[in-house]
Each structure stands twice: as structure tokens, then as C-alpha cells.
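Enquirer: Here you go, one structure.
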Amino acid sequence: MIEFDRVTVTYDGATEPALRDVSFTVPEGELALVIGRTGSGKSTLLRAINGLVPHFTGGTLGGRVLVNGRDTREYRPRDLADVVGMVGQDPMAGFVTDTVEDELAYSMESLGVTPDVMRRRVEETLDLLGLADVRDRALTSLSGGQRQRTAIGAALTSHPAVLVLDEPTSALDPQAAEEVLAALQRLVHDLGVTVVMAEHRLERVIQYADRVIEVPGGSAAVSTGLPAERMVTAPVAPPVVELGRLAGWMPLPLSVRDARRAAVALRTRLGEVAPLRPLATTGDELARCRDLVVGYGNVTALRGVSVSINAGEVVALMGRNGAGKSTLLNALVGIVAPRSGTATAAGADPRRTPPSKLVKAVGLVPQEPADLLYAATVADECAGADDDFRVPAGSCRALLNRLAPDIDDKMHPRDLSEGQRLCLALAVVLCGAPPLLLLDEPTRGLDYGAKRRLVEILRELAAAGHAVVLSTHDVEMVAEVATRVLVLAEGELVSDGETATVIAGSPAFAPQVAKILAPLPFLTVGEVATALERAS
Amino acid sequence: MRTVHHLTLPRALHPGAWWLWALGMAVAASRTRNPVLLVLILAVTGFVVAARRSDAPWANSYTAFLKLGLVVIGVRVVLQALLSTRSQGNTVLFTLPEIPLPDWANGVKLGGEVTLEALLTALYDGGQLAVMLCCIGAANALASPRRLLKSLPGALYEMGVACVVALTFAPQLVTDARRIRAARRLRGRTRGSFRTTAMPVLEGALDRSVELAAAMDSRGYGRTAQVPRSQRRLTGVCVLLGLLGILLGVYALLTDAMEFPFAAAALVVGLLLAVSAMAVGRQRVTRTQYRPDPWALPEWLVVGSGALAAAAMITAAVRGVEGLVLAGPLVVPPVPLLPVAGILIGLAPALVAPPLQAPRRHLVAA
């Protein structure tokens, strides 16, 4: 269905090709998963499938890309619209109309499908993706999962043979990601659509993949293989695979279900040893909310939240999209005003503290990291941050080097990949070393390597007496780093407690290791490894 | 009778019908300065909006236009009070301190005596403009701007898409600017500069446009049939001239700037040019439309009621019916029969426009 034949892509003005000598085929009806580090060229590869590279982006493409027998050199993206459906990273950015139904019909209108066929396909697609309830809603009022499903539906209505998705579940909470993946699964199984998808969150998608395409970036060659085979040696792997490697299971299980069946022996071996968890030493109170109520217009985002955060803690803030996580973080830095109740950070009301003083007490990396970045080059940005926070020159760059080592000084922050941009924003905020550090969805678009480095840095900060609060959907990251978990629902605090007690029992928030080893109280592969060492 | 002709079957009325009705009411308002008639027009449009508006975000725009109208009246009255001379009448209400002006400003007076006549004239003049604004506001509140753009003729499709995109981007820019201003606090900066506020907003907007363009390209936007270039140019010129003609005609009709026959002729020629250009331009378009808004009996009735209201006022003006323009600012405004009847016909859409579909019960989004 899709054939890459010695494809090399070089963007205008770039010295190195973004993709070098890539050859692979994806047969009809397969789900191919594209993996690789942040900025390694995954998006370029995906966009080459429907001809956006090079027709839209510019640059030169050597070799040949064939999709359903059509050569992208001769067909522009618009001429491939009936063969390839494309879903971008941010569904909202690709919406042309304003309601769900119109959006679903848009591609068909462009292709000149007759009205009665359009009507029928829209109804079918609404049912297929479970969107019938929201058919006449404005796109802006949809939840993240609904938006993503609408974007998929909009690409599907023209009945393309190939569906291309760029990180479809990265920004979604676990439940919404399940919805989207279930819908995709149905397309592949029931309709025979060929799906090519890039995703960092392997733990969510690896079990559905028929084929893995690894884009290592740099000069290394792109390679393909079966998921179970690739995972034996892959440098990045989800916890289920790492546990399988540790326990020596063959064939390597990719889903929690398979792993559970293989784990009977491991569970009895681990039965006697309890996981070792260092007791979090907590110090002074750094932030406190009392009966905090925040609203926008006629929406109440937080209704009476009381919480206190102490030095040395890493607190994970979890909950659905729209549960009030970002609002709570924003209230702690004084971006939003409470309707009633109080929010204090480092003993002061953040709304009354001048910003220059506030940043020495609290730092926030917002959901849109680019909001923090003003300069035209990475080097200027770092220098500006050193200035803003009055720290010795070079501090910001040093932090950035730890988070993401290979970012070029002369790059424009907007040209960085999403993950790299986040690292830069993180470095900017971290260089002030505020006692209270708030991170709003810091793992969006981060690969495993960057995530691991982030975990290390957060642990160090906590050990040095900082308090860290991060809102996230990434349960594996929470299991790794958090000492305490707060769960918000509908603006209310529904649970607050130690990580193990809060997430292990929850069907939505339990990490893979906890699901595999339940009822044993293990959360991460690291804990299992140390427990095994002690047992032997 | 086909179902679309039913007056009671719930559906959204064609946005074009709402606009034509509202324009009819605006034309009616443009013919009179009688406060009774103006208030009547305001009441009629307000009633129709209250009866037939949806709960969509744009449905609140009537209030916004009403406020804008009040501002217009306010500005007019204040300016008149400041610059009032005794030319309109002699009933002095109060005296403001007069500011002496240099010689070259001879003939202009700032402050001084304020007469009742001057204020009333300003109030009525401002009121006329405000009521016309409210008619436009009614159209805005009743018709989804996007649906209107959707029903543009095929030849204007690209222009329509550009407008739709602009409609999404404008509010997005405001949200972005607010977010970025908030984020400035996080860098410890109090004052913003062009570099730290406008640049990120513009860069973000540019990023989004590129993203949207890519998405539209991948979804088949711009697939067109091949037509010779000369024909495309001819169509373009015809569209432009036609639109100019329409603009001129409407302007003349609204303002009395031209003799009636000339204005009407300009309008008709413009319409003909534009329509033929659309017909030719249509050949290039291969796209189809999903669930186009039907144009049926209710649309005709709504447009007809607006046209009748306008026609009644124009007839009254041409025939010189008394009471459209007051004899003097201080007289008690009369209530002329024909105009009142005409304006009341404008109420018809509250009955003949189909009611809106009851909103589906929405599950709370996860």
C-alpha cells in the first residue's frame, strides 16, 4: 500500500538531510507504528506519505514514495486526498469549519462527493467513532478525546485507503486515549484501513501495532520489523517490555494481559518481599490553597480545593482534561484570581507579589511552553533567562544541555521539535531554581530518554528541598517520580495520598507494572529489580 | 407540499433570508427620523431576535450592537452639546463654560449655551444610526456568519474560506495575547514590549496558519477543474465591477445621494454583472455542498416582510407622507399610519420563520 524506495529528504537551507535513504513497505490493512527520538524526522516521514513533503514544506525529495500506486512526485497532497487521510499533531489546528458535522463533511465537499453519499457517510462515521451525541456541537466545546476522534473522522469520510496520524494520544488523558485507540483498532480490523501512526507513548500503542518503523535520526538507517522482535533490543521500551526483559519472558509480551499470564511465577517470587520505598522527607510548607474557588465566565473550574504542599515533595496532579489541573497551577502563580478562598505560594499572595520577586519563589512551565520564549535564537533565549533570573551567565545553557544535549545555539525556538521546545522552557524556568516548581503537562511530546532525564532532575530538586507539582496524564512518569498524587474531578479534589495508595488501585491510573503484578504493591520496573535482588 | 415549505417544521432559516430581512428593516429606518417609528423598528427587530435566536455564541451579538448604538447616540449628543450653536433653536437648557479658540478657528464654538433643540436633533439623528446598527445586529444574531459564507456561490468559495479562517483567527489571537501576557509574569517581567507580546502572538498565528494550510491541502482544498486563464481573468473583473455596482446602488438607496432611478439602475446592472460572473466562475468548481440550507416558502416570506417594510417607508417618503421627518425638534412626534403598518409587517418572521430545533441533550464531555 505504501512504498518508500530509497527516500532522502533535505529541507531548504539544511546541511544534513532530515531523512536518509529510507526504504520500507507497509502492506494493506496493517497498523504501522513509527517510533524514534524527539526531532528525529518522524513527522517528516509521515508527511512524505501524502506529499506534504516536499510539495508543501519545500525541500528536495530523492527516491520515490508510492501510495496505492500513485507517485507523490506527480500527485500533490490535494490530489492524494482521496487516498490518504492525514491527522496532524494538534487536531484543533487542522479544523476548517466550526461544527462536528461540517468538519466531517469538509473533505468530501472538496472531493465533489454527491450530497446523498455525503450524508450517508457522515452518519456512518458519527456512529463508527461514537460522535453522534456531539454532532452539532461547536468544535471548540469538545473534550480532547472528542476532538481527536472528530479529526480522525474528518479524515475517514472520504474513505481513504491510508490513515496517517501524528501522535494521536500524546495530549490525551488515559481514558480519552483508550477511546481513540479503540476507534483506530476498529478501523484496522473491520474496514481494512492501513494506519501509519507516530507515537511516543509506546505503553499505550505497542500492543496494537503490526509493524514498527524505527527512525533513529541522524545518519543511522531507518529499520522496520515486528513489534515483539524489535522490542527485545529497542533502546526505548514501555514498562511491560522492560519487565518482560527483566524476567526473561519469551516471547516478549506486549500487552498487560499477556504479561499477566506470564507473570504467575514472578508474582509468587515477589510475594514475600515488599517494595523498598524511601520515605519522603517533607519540610516546610511551600504552597497552600484553602477553599479555593476559581471560575471563568459561567464555568467553575475549581470548587473549594484545599491542599498544602511541602518542601521535598513531588506531587502529581491527575484527572481528566478539563478537571481543573491547569487552573490550580495558574492560581498558585497568580495568573488567575480566586473567586473565593486563598492560594498562597511561599507564604505570600502571588497576585500581590511583583513578578520579579515571585519568580524567585515559584516557577511555572505552562502547557504551551512557547509562551515563555521570546528570543530569536536558543542562545539569546538562554542569555535572556540568565538576565531575568539574575543568575550567572551560562546557567540556563548548562541546564538545557542536561535536558536535551544536542540543541543548536543558532536555532529559532519555534523551529525546535515540541519536545525540544519544552526542554528549553524547562531550562529557562529551572535556572531560577524556585523553591516551588510547577509543571503543566511536562511530558507531552517527550521521548523516553528526555523523560528519564526529566525524572532525574525532578528527583534531584526534591532531594535539595524543592517542592515540585506536575500535572500530567502520564501514569508511568507519576509512578517513577511522584511521592504524592492528587486527583481532581470536576474541580474538586477527589483523592490525595501517597502515590502507591492512590494510583495502584485505580483502573485508569494504575501503571502497567501495577496491573501486571496486582495485587502486589509494585509500581515500577526499578522496584521489581531491587526486590528481586534482595530476594535472591 | 415539500417539507421544507412547512412553517412549523423546526429547522434553521437560510442565513441569507435573515440578512435580506434585516437590510429591509435598515432601509426602513434610513427613511425616517421620527423617534416613534425608530423605536417601533427597534422593538420589531428586538422581538424577532428574541423569538428566533439560537443559543449559539453569535446569538448574543444583538446586545453588543444595542450597546454600540447607545454609544453612538451618546457621542453624538455630547459632541452636539459641546459644539452647539443657536442655529437650531433658542430654548437654552444650561450654559457650559466656553473655551476661547484662536482666530483661525473662527465660526467654531466650544462650550457655551446648550439648547434643547440641538440636543434633541442630535438624539434623533444618533437614534436613526443606532437603529440601523441594531438591524445589522439582528442579522448577526439570527444568522450564523459561517453558514452565510457557506451559501456563497461556488465562484466565491475561496474568498469565503478566507473569511471563515479569519473569523476563527481573530478570537484566537485575543486568547493568545491574554495567555502570553499572563506568561510574562513567569519570566519575572512586569512590562511588556513588542518583542515579548506581539511577536509571540504573531508567530503563533503564523504557525497556525501554516498548519491549517497543510491540513486543508491534505484534505483536497483547491482541487479545481482546468479553465483557460483568460476566462478566469474575465470572471474576476466581472465580479469586481458587479460588486462595485451593487455597493453603489445600495449606498445610494440608503442615503438619498443619487436620484432613485440612477441608484436602482446601478444596483440592477451590478447584480446582473455579478450573477453572470458567478455563473461563469462556477464551471471551475468541482466541489459539492453538504446539507445546503434550503430556500423555500419561509425564506420567501421572511424576505418579503422585510421588503414590504422597506417599500412602505420608501413609498411614504416619495409620496411625502407627513411624520417621517419632524417639522421641528420640539414638536410631539406624530404617528403616521402607512409607515407604522409597514414596520409592523416586519414582525412576520417571528411567526413564519420555522422555530429552531430543540437542543439535543448533551452528555457532559469527558
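Glycine is no exception: its Cβ is also placed from the backbone N, Cα and C atoms.
What TrEMBL says about a protein is an automatic prediction, not a curated fact.
Grabbed the feature section from TrEMBL, which reads as follows:
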TRANSMEM  B:12-29  transmembrane segment
TRANSMEM  B:35-52  transmembrane segment
TRANSMEM  B:64-83  transmembrane segment
TRANSMEM  B:155-175  transmembrane segment
TRANSMEM  B:234-254  transmembrane segment
TRANSMEM  B:260-280  transmembrane segment
TRANSMEM  B:300-318  transmembrane segment
TRANSMEM  B:330-353  transmembrane segment
Enquirer: Are there three or more C-beta pairs under 8 angstroms joining the transmembrane segment (B:155-175) and the transmembrane segment (B:12-29), sequence spacing 6 or more?
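Expert: Not in contact, no.
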Enquirer: Taking a Cβ cut-off under 8 Å, which residues six or more beyond the ends of the transmembrane segment (B:234-254) line up next to it in the same chain?
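Expert: Contacts of the transmembrane segment (B:234-254) (Cβ under 8 Å, skipping residues fewer than 6 from its ends): 26-27, 30, 155-156, 260, 262-278, 280-281.
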Enquirer: With CB pairs under 8 Å as the measure, which of the listed stretches B:35-52, B:64-83, B:155-175, B:260-280 comes out on top against the transmembrane segment (B:330-353)?
Expert: B:35-52
Enquirer: Please give the sequence-distant neighbours of the transmembrane segment (B:155-175): residues at least 6 beyond its ends with Cβ less than 8 Å from one of its Cβ atoms.
Expert: 145-146, 149, 201, 205, 208-209, 212, 216, 221, 235, 239, 277-278, 280-282, 284-285, 287
